[in-house]
Every structure is written in structure tokens, then in C-alpha cells.
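Record features (Swiss-Prot):
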- Phe7, Ala8, Gly9, Gly10, Gly80, Glu81, Thr82, Gly83, Gln84, Met85, Ser86: CTP binding site (BINDING)
- Arg14: site 'Transition state stabilizer' (SITE)
- Lys22: site 'Transition state stabilizer' (SITE)
- Arg157: site 'Positions ribitol 5-phosphate for the nucleophilic attack' (SITE)
- Lys214: site 'Positions ribitol 5-phosphate for the nucleophilic attack' (SITE)
Amino acid sequence: MNIGVIFAGGVGRRMNTKGKPKQFLEVHGKPIIVHTIDIFQNTEAIDAVVVVCVSDWLDYMNNLVERFNLTKVKAVVAGGETGQMSIFKGLEAAEQLATDDAVVLIHDGVRPLINEEVINANIQSVKETGSAVTSVRAKETVVLVNDSSKISEVVDRTRSFIAKAPQSFYLSDILSIERDAISKGITDAIDSSTLMGMYNRELTIVEGPYENIKITTPDDFYMFKALYDARENEQIYGM
């Protein structure tokens, strides 16, 4: 069984959206979160979707599920106090749906430019190696800095990747790590791959498209609109 856990728990302070969380902003009559879920909905390999939503917008999210006929969404749950705790709540909901050896794909609700090919590659990577971290090759040089803002290391660009999403694992594995981490007071890991790395788990890269952006700022929003229109018009992709 393959389950998408889609995190839509942010409130979008950097988007200046005057109260509406960024995941609910509309592009061509459809909220960003629905654009994202649609990809999972239309991917044959996905059996179910769990949406983790900011608590004050649960009813709104449930209405979107009904309005857009998102039949693979089997649960909409409230997020936690941190991103990690929100994902944990989504994983717990997935556990209620799962069969043995379920694969879970943890994805950002504001990454609507994912595609079926990457989703399928994530599932295959988990089955072969136990993990999948969707990533892109770094286009520019990455440097590490110290507390004095001095460069302490220049990272070899040929070995540098930027981690994105989905980040995918066997559900039982990530839940086991989450529960142990929480029991030790670790509740704010930046993402699931970071948490798994803290436990020295082997992580495998799945290369994804550069356009798999996370919509965080107004610039990101307008970039998504442009890329979406380009896809729709078939003027750029596939050339």
C-alpha cells in the first residue's frame, strides 16, 4: 500500500495573504493544496492520501475534498505545534489505513509541481533501498559558514544536492524513528530526512525536476503560476 501524507499546516506569514494560509490561495480557480493533491489522486500507484491541515481550517479543507472529488483523501487531521509533530499526526492517521509494508510519501502541500514519474520513482526507491529523498543537483556552489559568518567549507558542487519532497519511507520505519525521537524530546526536526539522518539511517536520492518548488513567498507564487501556464500551453516542457 502506498500512502501520501501531505502537510498543509502552515499559515503563510511570508506570503502576506491577510489571513488565508498560502496553501489555500487559488490559481485558475483551484487552491494550491488541491493542485498538489490532484497529482497524488491521479497517480495509479497511490492508494490513499492523508492531509495534515492547520486546525482552524479543517472544515474548509474537508469542503475542498468534497468539492473537488478528491476520493483518495481518506483522512484530514489537525497539525501539531511543529512541522515534525504535524507530520507525526499524519503518519499516525496513515497507520490506521495501512496494510503491512506500507510506503509513505511525505510531501508539502505547497509543492504542486510534483509529477507522477517522481512519485513512482520514490515508491520504487523505498522498495529497493528503504528510502527516497527527492532532490535536485545544486546549480550553484554551496558554502558552509561558522558563527562569525565566515566560510568554513566550500562544498564540492558535483556532490551537492538540494533536498526537496516527497521524502518517502516504509511507514513502520519512519513511525518508529518519530516515536523514539519524541520520547527523547526531539520534536522540531526540519524534515523527515534530517530526522532519519540523525538516526544514521541510509538515505537514497531520487532526482526530481527543478520546477518542484515550495511556495513560500510571493515570488514563488508567481513562479508557480508561470510554470503552470507553461505546462498548460505546452510551449516549454517536452522540447
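From the backbone N, Cα and C atoms, a Cβ is placed for every residue, glycine too.
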Alpha-carbon distance [Lys214 (site 'Positions ribitol 5-phosphate for the nucleophilic attack'); Ser86 (CTP binding site)] in Å: 17
Shortest C-alpha distance to Lys22 (site 'Transition state stabilizer') - which of the binding-site residues Phe7, Gly9, Gly80, Thr82, Gln84: Gly9
Cβ-Cβ distance under 8 Å to Gly80 (CTP binding site), same chain, at least six residues away: Gly9, Ser86, Phe88, Lys89
Cα-Cα distance linking Thr82 (CTP binding site) and Lys214 (site 'Positions ribitol 5-phosphate for the nucleophilic attack'), given in Å to the nearest integer: 18
Cβ atoms near Gly9 (CTP binding site) (within 10 Å, other residues, all chains): 26
Pairwise CA distance, Gln84 (CTP binding site) versus Arg157 (site 'Positions ribitol 5-phosphate for the nucleophilic attack'), rounded so that it is a whole Å: 29
Reduced DSSP assignment, Gly9 (CTP binding site): coil
Residue pair Thr82 (CTP binding site), Arg157 (site 'Positions ribitol 5-phosphate for the nucleophilic attack') - Cα distance, angstrom, rounded: 32
